[in-house]
Amino acid sequence: MQHISVKAFAKINLGLLITGKRQDGYHTLETVFSPINWYDELTFSAADGLGMSCSTIDLPADDSNLCLKAAKALREYAGIDKGVAITLTKRIPFGAGLGGGSSDAATTLRVLNALWELDVPQGDLHGIATGLGADVPYFLETKGLAYATGIGEILEDLEASLPFHIVTVFPGEHISTVWAYRNFYPRFVRQAPDLKQMMKDLCLRSDFSVLPALENDFEPAVFDHYPAVRKVKEQLLEKGGFYASLSGSGSAVFGLFEELRDAENAARFFREHFPVALTEPFFTMQ
């Protein structure tokens, strides 16, 4: 092996309902993940030990990095001492609710499982992924839309993809997941919508009547504390989006567009101020 370069894509959340809190302190949720065309690039090179470098000094390249955590977890599971040098070119904003770190970890697991010829059973790989982060199994196991419950690790592949243009904007605020869970406004007692059926109605029939129920429970608190993030959502709708929402715990916000022209105009507008990604219809992770 000289080196192998792969893309690690980001995700957005279509609806995010916080449904309860477990005894171990983790919150349970219900959401639908969708991939977007915003990615980090990871390069894996032969090495005697484990090492890592990162394109930005804002992220650690030490044992706290999820890529190295993933490599070490895989080595420990397999009882091996193989090495690899990982180079991370970071493009997905962190603290954005886009799952960049989780995607990097999942990519590391998938690539090293193949490079080290481990053939780890899917169930065991899922367990390793969940130990690294609740979003990691999504990036490891699916390519398009997926319905998630538990803490985000229980997945059902919806075998579909969004038939719309997606404009995703990072307003520059780094919001920690810990902060978001401490500050969201609980709404545990309610009649939860059927997210799976709503996604089918939206993707297969363009049934926009389901959109008001696609809520993100982090939005009210995030918007109260970060009014600039609220403004981005409002502007996405003003620019022609038929739906806009916070992704995850933020601060990234995305809008769905029927017309390419409107999506391109919106992306052009926001690029004057913030990092932006434009994703084509029916996008899947490859």
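Any Cβ shown, glycine's included, is placed from N, Cα and C.
Here's what Swiss-Prot has on this protein:
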type	residues	note
ACT_SITE	K11	active site
BINDING	P93, F94, G95, A96, G97, L98, G99, G100, G101, S102, S103	ATP binding site
ACT_SITE	D135	active site
Separation of alpha carbons, K11 (active site) and G95 (ATP binding site) (Å): 13
Binding-site residues listed as G95, G97, least Cβ neighbours within 10 Å: G95
Within 10 angstroms of K11 (active site), Cα basis - binding-site residues out of P93, G97, G101, S103: G97, S103
Cβ neighbours within the same chain of G101 (ATP binding site) - under 8 Å, at least six residues apart: L66, F94, G133
Distance [Cα-Cα, Å, rounded] between G97 (ATP binding site) and D135 (active site): 10
In the chain carrying D135 (active site), residues 6 or more apart in sequence that have Cβ under 8 angstroms from it: K11, F33, G99, S102, S103, G152
DSSP state at K11 (active site), helix/strand/coil: strand
Sparsest-packed among the binding-site residues, when each Cβ's other Cβ atoms within 10 Å are tallied, from P93, G99: P93
